Structures are given as structure tokens and as C-alpha cells.
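Novice: Below is the structure I would like to discuss, written out as C-alpha cells.
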């Protein structure tokens, strides 16, 4: 790709020079070895794709923070999308496959671009006493990240952070191999006059241990972790520092705005969310609870959140290590965000979102680098999550094993140090966390009418209700399938005391003879309420009963007129492990 080797402002001259040199090299090569077969002139685009990007050499001038009040023109300015056409579009789509983001579009955007400010006026009106606030180390971990997304992260932090509050930016290179991230990166950061420190690890640590390494190197009173494909927005740092200065045990997060992985469009708004979790131990976004809405007296107040997404957070550096940092035996990435969330709340701290602080993040559909852990472990999220379940979830770890029965007996390393940490910090039980912080979290096997694999047996053939691997984040029809046993999570169902036939987050309703699973209402609607009588599952609104009549595995479940003599309508909730 010529974009990697040709500076934009010198395009015509450099192309001519490149082709001239290539021509004479080919002639010399051909003349010096007549024994070779006839030489084929290489395809210039294909050849260029093999070359590494050579960023422009630093000219010795120190970085100047842009005047964002002045008009700016150029691709992507003000967060506008970069829409590619023709050959550019082809290169961009190739990047989507390689990088899971459009690096070609990113390369057209200034490293110092302006982005829309989503803050409300009340946030902008807050005055901060910089002299009274602690200084911050911003830590950015990267491994073989694309050049412009990485550098735009750094530039945005430098450009939009008060110098009085920014102690340093630590770039921690987790064993990158790409040439442009070697000497060219060393050269690029010189323009920041020592404000940016580059620390290199020559053995892969993985994100979790690399964050710990960065935190140990930091000298600021506050540490902020950012992913390597972010853009800090206007006024992002001040409210974070102020909150941690006010409350030492608060671990806080900015509001995370979305940057398109394809067009690099910046989408920021004032919608407020909190973090939740699934019993499979994945992070989820949730709306603000009624209790939290009432607690907050003004729109600039911090938001208490049960969990955090993980990539972007800030903490008092001393407190971060006092409360246990990260579990150093967790591998690469995954699970550490819920582990620190549960631990912070249970051990006397808090997790909070700061509505006046915004940072954009490129959400990618995959990882362009190796995510395999030690001993060739390709399930690092699973094994990391088991470590947190065993240490922090008490008996509620059973709910994790409902989803990951395969990990129940798996060795995930020594947990002694983490158990001792919990004891030393005098942390509360996980039930306290559920009762006081994650209120309303549905527990499928606790305080319900019935729970288990919902199955029926007809002529010796057993079938269970099943999600059929459909995306439960969207409204989907419930299906039936052969009972899988061993706690197969897609087949687990509960009947709540409110009459909801439900899974963790979705409830069943009768719809045109089928059963639709959709996000549960706060108060069950009449068509979402069911009764379990005489082994029959009856919808209270339609009066019809769930049936497998004339169904085969993989079909959608149906409701029909109730008939107590029809064995297709007889259902049992049975122990998931025996289903």
C-alpha cells in the first residue's frame, strides 16, 4: 500500500523517484544474473503492501497543542465519518479483515483532529482548582497496534489534558514486533518533550499483567488506563481527578463514546448507563436504576455502577495496589473488569461513572493480535472468570458453572494469594453485593416457583426448550431441541413468583402461536405471565399451553389449546445436570 511509504504532501515527486529507482534496480539485477528466467516486473501495489509503514521523521520541533476554537478542515474533523470510495474503499475493507477497523480511513485523519463535545453546559461551567488537585499518569498498553489509532490516542490525551494535572503518559509496549512501532515510535514521541515515556517489554505480558507493570512504573498520584485506540474528549481529565481527590476509594470510569470501526465517526451523547454482568461473567450495559436516579441530585453527579467495562478506568495509585490491583495470575485479557468491580465494592470501595468525562473508543469486532494465553490456552476469558468466581462469588459461583460446566474441575492456578487478600481486607460476602449493589439481579434458581431444564418426553423422545443459540440481546422465538444435559445453559428456564417464564434477562410471551423471548419488563405484562399446573405451562392471557406437537428438534416452540390428556403438553423442570 503506497499509503505506508509515501508522505501525502510529496506524493507525485516520491512516486516518480520510487519508480525510477525500482526500474534501475531491476535492470541491474537482470544484467548481473543472465542465468535466471525472464524477470517479471512486480505489481507495484502488491509490492508496496509488503513494506512497512515509515512514518515521517521528527523534525525537532516540539508538539504544539492545537487551537480547537479556530475552524478546522480535513477528513474526520469534528468526528465526521470518513467515507472511502474506489481503491481506497478496497484498502479499507482489507483493513477491516486484518485490523478489525479501517486503518486506511484512520490514516487520512489528523492525529490532532477535533471531536464533538457531548458534555452538557453544567459540566463545562465547573471550575477546578488545578493547584489543589493531584497529578495523573495516563497508561496506554499496546501490542502491534496500528500506527494512527495509537498515536491519535496519545495526541488526544496531550491536547486535551491540563498540563498542570498531567504528570506523564506511559506507553507500554507489550512486545510489539512491527517495525513502525520500534525506532519510528521512539522518534515520534520526542516531540512531546519527555511528557510521554515509552516502556518496552520484550516478553509478552498480556493486557492484565502489562497494566500492572505500567501502574508500577507510574509516578502520578492517580493512574488512568486507556485502550490504545481511544480519543480523549474535551475536559475529560478534570472531573476524574476531582472525584478521586474527593473520594480516595472510588475507582472511576469516563463515559465511553463510540468511534466507528469503519468510518472513524465519533458518536458522543448524554445518555447515561451503568455496568452489569451476566452469570456467564460477561459485562453488560444497563440503564440507571430508579434508586440511583433518585440519589443523584444534579446531572453532573457521579453514577454508582455495579461493574465497569474494563478498558478505561482511573484510581488513586496507592489505593489501586492496596485493594489488590489486578489478579496477576489472570492471563491476557477478560474477566479482570468484573473481578476488580466485585472486589472494590465488597472491600469498601466503589465503581463509578463520571458523566462530565468522555472518552471515545473504537469498538472492534475482534482482536488483530494473538489472544492465546499460557500453555496454549485459547479460553483465557473462561479461566480468568473461574478464578474470580472461586475467590469472590461464594456459593453463587454455581451460577457461573451453569454456563461453564466444562470448567468446573479445570485447574486455573493457585488462588491462595487472592483468598488471603480477601481475608486481609475483611471483604463482605457476595450476597451483600447482590443485595446492596447489584439489586434486582435475577437469580435463576433462588426464590422461584421452578427452575431447571424444561423438558417433555413423548414416545420415549426427550426434548427441552432451547434458545437455539439465537442472540438473546434481541427479541427471539424460543425453540425446542434434544435435551443436552450437563447444565446446557441455552436450555435453562425459571418460573418466577411473578409468573414470568424466563431466562436471565429475557421473558416469554405468547405471540401468534409461538413463544417470543424478549427483555423482561419491570412489571410483567399480562401476556408475559404463565402458570405451571398439572405439569402444563399455560399463558394467562391467551389461556393456551406450551406444546411440542408435530415438532422436531430445531423447530420453534408453540402454544395450542390446552388438553390435559396431550402428552406433548406435559413439562417438567429437572435438575440441569440430569437433563
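Note that Cβ sites are derived from N, Cα and C of the backbone, with glycine treated the same way.
According to Swiss-Prot:
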- 174, 204, 228, 333, 364, 367, 369: substrate binding site (BINDING)
- 227, 229, 361: Mn(2+) binding site (BINDING)
- 450-574: domain 'Ricin B-type lectin' (DOMAIN)
- 67: N-linked glycosylation site (CARBOHYD)
- 370: N-linked glycosylation site (CARBOHYD)
- 302-364: region 'Catalytic subdomain B' (REGION)
- 1-12: topological domain 'Cytoplasmic' (TOPO_DOM)
- 13-30: transmembrane segment (TRANSMEM)
Novice: Reduced to three states, what secondary structure does DSSP give residue 361 (Mn(2+) binding site)?
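Specialist: Its secondary structure by DSSP: strand.
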Novice: In this structure, which of the binding-site residues 174, 227 has the fewest other Cβ atoms within 10 Å of its Cβ?
Specialist: 227
Novice: Any idea what DSSP makes of residue 67 (N-linked glycosylation site), helix, strand or coil?
Specialist: coil
Novice: Give the sequence-ordered list of residues that share a chain with residue 229 (Mn(2+) binding site), lie 6 or more positions from it, and have CB atoms under 8 Å from its CB.
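Specialist: Set apart from residue 229 (Mn(2+) binding site) by at least 6 residues yet with Cβ under 8 Å, we have 101, 145, 146, 149, 150, 153, 259, 361, 362, 364.
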Novice: For residue 67 (N-linked glycosylation site), which residues in the same chain are close in space, meaning a Cβ under 8 Å from its Cβ, but six or more apart along the sequence?
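Specialist: Residues satisfying the criterion: none.
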Novice: Between 204, 361, 364, 367, which of the binding-site residues has its C-beta surrounded by the fewest other C-beta atoms within 10 Å?
Specialist: 367
Novice: Just give the helix, strand and coil counts over the domain 'Ricin B-type lectin' (450-574), going by DSSP.
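Specialist: The composition, in the requested order, is 9 helix, 60 strand, 56 coil.
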Novice: Give me the Cα-Cα distance between residue 333 (substrate binding site) and residue 227 (Mn(2+) binding site), rounded to a whole Å.
Specialist: 12
